[in-house]
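Going by Swiss-Prot, these are the annotated features:
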- 404-460: domain 'MIR 1' (DOMAIN)
- 473-529: domain 'MIR 2' (DOMAIN)
- 534-591: domain 'MIR 3' (DOMAIN)
- Asn168: N-linked glycosylation site (CARBOHYD)
- Asn376: N-linked glycosylation site (CARBOHYD)
- Asn400: N-linked glycosylation site (CARBOHYD)
- Asn515: N-linked glycosylation site (CARBOHYD)
- Asn598: N-linked glycosylation site (CARBOHYD)
- Asn653: N-linked glycosylation site (CARBOHYD)
- 124-144: transmembrane segment (TRANSMEM)
- 170-190: transmembrane segment (TRANSMEM)
- 216-236: transmembrane segment (TRANSMEM)
- 261-281: transmembrane segment (TRANSMEM)
- 301-321: transmembrane segment (TRANSMEM)
- 353-373: transmembrane segment (TRANSMEM)
- 659-679: transmembrane segment (TRANSMEM)
- 713-733: transmembrane segment (TRANSMEM)
- 735-755: transmembrane segment (TRANSMEM)
- 774-794: transmembrane segment (TRANSMEM)
Amino acid sequence: MLYASGRLLAARAATTLSAPPRARGPALRGKRRELQIPWHLETPSYDPLTGQRTRPGVPPARRVILRKGRMPPAIGGGLAGSELRPRRGRCVPQAARAVSRDVVPQAAARKLKRPAWSSRRFQAAGWWATLAVVTLLSFATRFHRLDQPAHICWDETHFGKMGSYYINRTFFFDVHPPLGKMLIGLAGYLSGYDGTFLFQKPGDRYEHHSYMGMRGFCAFLGSWLIPFAYLTVLDLSKSFPAALLTAALLTFDTGCLTLSQYILLDPILMFFIMAAMLSMVKYNSCANRPFSAPWWFWLSLTGISLAGALGVKFVGLFIIVQVGLNTISDLWHLFGDLSLSLVTVGKHLTARILCLIVLPLVLYVTIFAVHVMVLNKSGPGDGFFSSAFQARLSGNSLHNASIPEHLAYGSVITVKNLRMAIGYLHSHRHLYPEGIGARQQQVTTYLHKDYNNLWIIKKYNANTDPLDPSFPVEFVRHGDIIRLEHKETTRNLHSHYHEAPLTRKHYQVTGYGINGTGDSNDFWRIEVVNRKFGNRIKVLRSRIRLIHLVTGCVLGSSGKILPKWGWEQLEVTCTPYLKETTNSIWNIEEHINPKLPNISLDVLQPSFPEILLESHMVMIRGNNGLKPKDNEFTSKPWHWPINYQGLRFSGANDTDFRVYLLGNPVVWWLNLVSIVLYLLSGSTIAVAMQRGIQLPAELQGLTKVLLRGGGQLLLGWMLHYFPFFLMGRILYFHHYFPAMLFSSMLTGILWDTLLRLCAWGLAPSPLGRRIHAVGILSLLLTTAYSFYLFHPLAYGMVGPLAQEPESPMAGLRWLESWDF
């Protein structure tokens, strides 16, 4: 490296002191289109061993278009210093052009000989052949032993069950958008799965049920990650070794392999993320031919992939941000190109709005439309949604139902919180434990329909039965003082000055009394928030609040999950803060009163925009509410890049078939080192260029690849990693894998570039001509051998645990935190 640095300084001195002055001449007339492509490098030619830039042969009849008022550089400057415009009709990979004789006569005589094996046609054939081998190897590793183990592994219990729900058209709730589960259900349906397997818990055997279609679909999409990464790096770096090294890192990573072999959302998500990244890079590379068929194809495919990524998980927002930043940079450069009219810039802006905003948005909304249309039967997710939403679900108690319109004394009702994913006012015979306020009956909110959700509304000062036929019907009105008696336990809704179980400065809410007899702390004043229906309380439509008469607090739910003594239901409190919030607003859902006439609820069904909005509100609240349970394993974001601890997919004992999600440590630690090296080398080069240091022409192409292509990948890694530090929800190891894809691609580009720089610096010596090939080959062999050592983690293992000395995996437990 010292020798390389010496050569660099010598070349710089030669360029600075002895370069002949530039010839001057008249500027060429005519309109010029100067195309600057953000994050993209024009195609250079390099010596495959030394990394030195070479010049292709010069066709005699080709003219060059120069910047206004500038002439070609001196002969010694090389192509890196010329201001050439690619001929219209060619994409950037074919855009390198030579200088014609009438502009620079000496150029034709200055041809650099290139080996026959590195000709463009042979090189392209080698790229395609390698891509075919990479693709076959990727599919072979992902489909190998796909049927093992023949039982549920980890989150297959969730996403396999949700695939069954789609086949059975049963409505359910999940914190993720529906596309991934829809595709899993479709794959199961097309492969003969009938949707009858229960997917109850990990370890349950599939028996005669067809599960290979769903696993095969996920493995199919996971297998395309490697070819996509290969093509992305090849386009960013124009380097076959960099692309091959990237493909090897991902092919031989046990973590990516494991995630791709099971019924999970991760391979589907990563497929769309990588497809979006590849499409973005491809349409950037065709930016010299705007509005052509390939340009439109890749731009549209980028938008489709963005819709797919967001339709699987909200993590897809990160790749949307990356494409958005690239688009802003692209448009900014086009806007600064004075050779382009504002009409042309407007066309570019319109094309990107159509393909990157309108098209993904239409597809995303269509995904939800199909989701709502297919899932039309009542299921376990009903309680997460509003009463009006439930009225559209076949089999729900509100579907095609007829109930009394106005609330009256003596009615049996359910009271539902207006905030999404809070549920129904609920009580049961269990008491609050010692030390948690008064030891009285628990009152909670519960997300599912249950007989313990039923309450009887009564006057505060009367114990007579309002349903007695001899008594006239009396409607409940705004401002009335009432009691709510729990139908199952006959205890009254009650509050007092004891502190709530979880929320400070809120009061405890309990069930109190015997057979409806209690005290003045059972009295509540009912207030109608939206009084456009009058003073009467309308079922489903009226929004009400319950004000405690003694303490003056308002009944609400904090949304916090109670410990096991509260059956992990949600806390109900009486808050002294009387500000109107959705947590303290309720509506009457079910209403039973034989003395009142019924009306149909069909008119209350929501429109599709209302369904779409409510679905997202419920998903967001559900995502934020994912908290770790007692003794549940979680991980922290700083654990992930260092491969600190894996995740047990299947089995725990030495007699079990064990699958352990853990990244290949050689790959992951190499990625981590590469990120650090990139930050150091990239910063050094950027500072040097900013200070005006002129690099030799042979190095300018390499530094552009490192800064532009590597910078794009570093941005992708940061966008898919750092946001997790800000999330309050429960996190798992598998959340890092989209970021890991970007770090692996960055590793391929970085090491290829560094080895080429070493080869250039050591070029006179025999080592200089071999160091690049030897370095790349060493990395490939090391990665392949590490996969040979760690492949049982992905394909399964039986026998003693790694902690046991006699275990064949004992020597591979490099960290104490690895539990396989």
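Cβ coordinates are placed from backbone N, Cα and C, and glycine is handled just like the others.
For the domain 'MIR 2' (473-529), residue counts in helix, strand and coil come to 3 helix, 29 strand, 25 coil, using DSSP. A separation of roughly 59 Å, to the nearest angstrom, links the Cα atoms of Asn653 (N-linked glycosylation site) and Asn598 (N-linked glycosylation site). Highlighted: of the candidate stretches 261-281, 735-755, 774-794, 261-281 has the greatest count of Cβ pairs under 8 Å to the transmembrane segment (301-321). Listed glycosylation sites: Asn168, Asn376, Asn515, Asn598, Asn653. The one with the lowest count of other Cβ atoms within 10 Å of its Cβ is Asn653.
Separation of the C-alpha atoms of Asn168 (N-linked glycosylation site) and Asn400 (N-linked glycosylation site): 21 Å, rounded to the nearest whole number.
Taking the Cα of Asn598 (N-linked glycosylation site) as the reference point, the closest of the glycosylation sites Asn376, Asn400, Asn515 is Asn400.
Counting every protein chain shown, the number of other Cβ atoms lying within 10 Å of the Cβ of Asn400 (N-linked glycosylation site) is 12. For the pair formed by Asn515 (N-linked glycosylation site) and Asn400 (N-linked glycosylation site), distance between Cα atoms is given as 34 Å, rounded to the nearest Å. The residues of the domain 'MIR 3' (534-591), classed with DSSP into helix (H, G, I), strand (E, B) and coil, number 6 helix, 27 strand, 25 coil. A Cα-Cα distance of 13 Å separates Asn376 (N-linked glycosylation site) from Asn400 (N-linked glycosylation site). With a cut-off of 8 Å between Cβ atoms, the residues of this chain six or more beyond the transmembrane segment (124-144) that come close are 216, 219-220, 222-227, 230-231, 234, 240, 243-244, 247, 250-251, 257, 260-261, 795.
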